[in-house]
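Asks: So TrEMBL lists the following for this protein:
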DOMAIN    B:94-314  domain 'MacB-like periplasmic core'
DOMAIN    B:368-484  domain 'ABC3 transporter permease C-terminal'
DOMAIN    B:517-723  domain 'MacB-like periplasmic core'
DOMAIN    B:759-872  domain 'ABC3 transporter permease C-terminal'
TRANSMEM  B:95-116  transmembrane segment
TRANSMEM  B:362-384  transmembrane segment
TRANSMEM  B:418-439  transmembrane segment
TRANSMEM  B:454-479  transmembrane segment
TRANSMEM  B:509-529  transmembrane segment
TRANSMEM  B:757-781  transmembrane segment
TRANSMEM  B:809-828  transmembrane segment
TRANSMEM  B:843-863  transmembrane segment
Amino acid sequence: MRRSDLGEFEEVVLLAVAALSPKAYSVVIAEELERETGNSVSTGAVHAALQRLEQKGYVSSFLGEATAERGGRRKRLFTVSALGGRILQDVRAVRNRLWERIDSHLLLDWQ
Amino acid sequence: MKPPFLADCLLNWFCAPHLREEVLGDLHERYALRVAQVGEAKARRRYWREVLAYVRPSIIRRQSSVYPNPTNTTMLRNYLKIAFRNLARNKAYSFINIGGLAIGMAVAMLNGLWVWDELSFNTYHKNYDRIAQVRELGRQDGKRYSNATLPYPLATELKANYSDYFKHILIAREAEDYILATDEIKISQKGQFIESGVPDMLSLHMLKGSWAGLNDPHSILLSASTAKAIFGTTDPLNKLVKINGNMDAKVTGVYEDLPHNTEFHEVNFFAPFDLWTSVNPWVKEQQWNNWFLSIYVQLQPQTDINQVSIAIKDIELNNLKKLDKARVKDQLASHPQISLLPMSRWHLYGNFYVDDLGPVQMVWLIGLIGAFVLLLACINFMNLSTARSAKRAKEVGIRKAVGSLRTQLVSQFFSESFLIITIAFIVTLLLVNVALPWFNDIAAKQLVFPTTSLYFWLVILGFILLTGFLAGSYPALYLSSFQPIKVLKGTSGLGALGTGRLASMPRKVLVVVQFTVSVTLIISTLIVYRQIQYAKNRPIGYSREGLLMIKEQTADFKGKIELLRYELKKTGYVDEVAESRSAVTNITMWNGGFSRKGTDIACPNGCGTLPVSTEYGKTVGWQFAAGRDFTRAFASDSAGFIVNESFAKLMRLQNPVGETITWGPEWRKPKAYTILGVVKDMVALSPYEPTIPTVFFLENAYDWINIRLNPNVSVAEALPNLEAVFKKLVPSAPFDYKFADQEYARKFAKEERISDLAFVFTILAIFISCLGLFGLASFMAEQRTKEIGIRKVLGASVLDMWGLLSKDFVLLVIIAFAIASPIAYYALDTWLQNFTYRTELSWWIFAASGASALAITLLTISFQSIKAALLNPVTSLRSE
């Protein structure tokens, strides 16, 4: 398990997949990230990240239903795999541990 | 509302096909969202940026083929399985398809072997390209001839003045039957007296002894089979052999039998020319007016055969000019030119008449027939495959719908045709192996299947590949081009698959071509058969059954004939015995020089002059038209002639009996003969030609003994008794007899061979034509299933339907007949011109051939048309 291969954008996308499950696909993820971060996020970037995540085995995908605004085309839906979930938890644990070690005065200064 | 079209085009261009659906779907969905949020103009601009954001390697990279490197062979096995299932399901089709192809290939292969054998004639000899035969070219009765029989002085002249050109100049006697005798055994074998360089020239493969063996004038080289026949397993070297009872020779070598496709294969021994001249001293005294020798030469290396030919061309002419002009007038008129005929041309261009191209044309004809039959079989294969395309169309549709690529389908159909061809090829090998002995029999060849030759198998492999591509390409490319949506909808039957009226045109042309060939062959077979029957039924003027002929091959017969006759008749198995100069089926003595009361009796091509003994007539059973037979009662009969009707006709007399004729050819003193009787014409030579004018007279110059068997005893019983008599009286000669009827039958061998071949090719042509027709008929029937259904619903009867489906084909066959008749008429008329005594081309033969072709056609297509006509309209119309 190499944590280092999870990039920042990938981590966010992976989290988004987990948050939007079971209806996570490129468009909603991009919309969600745009709303959350305020930056514009293209579906192309999300798509590429999802491809990488799938290659690493953190998500799995299947083709879902088609809708009219998609021109009758099906969407590719993503779910977090068990491995992906564990990775997320690991990342979170690392961060939590670091957060807990930050001096509370310092935290008050930032607010 | 729609997103920018150009952007979509761009995306479609760069995006990998397998990702297009989800990518475009995402883009369009988001575009719809954007339009709702920020308006169309902004959304369109954003859309371009979004599209460009997809320009990254992971999106552009094409997915490698769906089945990149099959780790297992499931699909391949599926192709094979489907192919086998198709074969097993349509047993009749498979049988016809494989059988037709196999027969086509078998014919092509047999013909190929035949042509190869003809072309490789004599190549057994290592000096093949340096050996030649000396020929005399000239002109006789307006025809160019090339004579291999030459006068003796020509050889001495060549040896004296031109020996620089040649490594060998070998004088030879024509190969003949001789008696080889040891103390224990006597056999008759064909052999040749030739000068001693022959083993070297022919590069004989010596099993025992050496090439130098023939240098001793009393030596003989035997072929392996002859050595075995004479000496069995004992060592033949240095054993003594007596040739014809008067020539002694010592065996100095044994050579491997020459293969069947060499000029000398019938020669079973070689003996020195000097041995023959030692008992025939007259040979060396002969001048330019006696042609009786062959001369073989081997050129020195680096000499050009044409230059040598030019150098020696006038030898004979120059020598003739030195002689008395009046005596050699005829010879000078033919303008003899000496020339060399290279060994490569002996077999196919060695005819007496230079312009007779028969043998070469035969090679071409056989080769063409082979190629043609194979081509017809291939086209039939294509026809049958495409005719069944309706059945396979659905399969193609489904395969394509579930994801087969076109290349996969092409390879599937190719592998299917290769499978069929491989099966057909195995059948072909069986067929060829079975048919080869029989084919050898008909073609008078000894072809073998060259299983050990790598070259042969390479040719075979190429042959299979060629046939596979020829026959498999059309179905493979055609079937794989179907659009799945069209074939699966199944609305329009075959019409929509581009197989309308125009597409069936090639098939129709093919049927016409095939039937033209068939009808021509049917007519030819009938005519050839009738010609042979016509000649066989010709009255031959003597009775050939129970007539035995024995050649007096040794001098020991002399003086024993009366005793033989007495002893033979005493056995009770023999009615009569007589001697003659030639066998009853041949004429071996030709002369002119007849005159009556000072006017010449012209013999256009020479007259037969045959010495016979007194009882000859009674022995062969000739029939008198006028006058009487020879008899021992009158000594004056020795100055008597018995002539045949043709000779009587030459004399232009009402009643020639009793007339006196003077006969004085150049070589003997003129003598007067009285005509005692006129016999009916006896067919001695070709049964297709007019009888040769012949005279018979009593003169002791006989070569044959004729024996008339008692008709009341069986031949099998008689022969051992006759043999016993011969063994007792002439122990030095083998009892080697010929039956007159068998000898006569041999005169038909060539024509019967043509007849047999024509018959076989007719059957094959009809079979293959019927295959083509069957394919076309089934195709038509399938195409018109619906039409037939509707017609039946509207009240048409089965007979109407049968007529409807048959009339197209009847028309095709009538066209074929119209083309074939003139071709056959022309070809057969030309062929019949070869025979003076010939049958005529009756109209009813043509009519019968046409009718039989029509009958065969109707039979073939009726199977399909009646099947289609009987189909219940409910089944044929329901499927819509």
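For all residues, glycine too, the Cβ spot is worked out from N, Cα and C.
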Asks: With the domain 'ABC3 transporter permease C-terminal' (B:759-872) as the reference, which stretch in B:94-314, B:368-484, B:517-723 has the largest tally of C-beta pairs below 8 Å?
Replies: B:517-723
Asks: By a Cβ-Cβ criterion of under 8 Å, what residues six or more beyond either terminus of the transmembrane segment (B:454-479) are in contact with it?
Replies: 101, 105, 374, 378, 381-382, 385-386, 389, 392-393, 396, 409-410, 413-414, 416-418, 421-422, 425
Asks: Grab the same-chain neighbours of the transmembrane segment (B:95-116) for me: Cβ-Cβ under 8 Å, and only residues 6 or more beyond its ends, written as numbers and ranges.
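Replies: Distal contacts: 363, 366-367, 369-371, 373-374, 376-378, 380-381, 384-385, 420-421, 423-425, 427-428, 431-432, 435-436, 439, 443, 445, 447, 449, 463, 467, 471, 764, 767-768, 771, 774.
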Asks: List the helix, strand and coil residue totals of the domain 'ABC3 transporter permease C-terminal' (B:759-872) as derived from DSSP.
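Replies: Its residues fall into 97 helix, 0 strand, 17 coil.
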Asks: What counts of helix, strand and coil residues does DSSP assign across the domain 'ABC3 transporter permease C-terminal' (B:368-484)?
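Replies: Once the DSSP states are binned, the domain 'ABC3 transporter permease C-terminal' (B:368-484) shows 98 helix, 0 strand, 19 coil.
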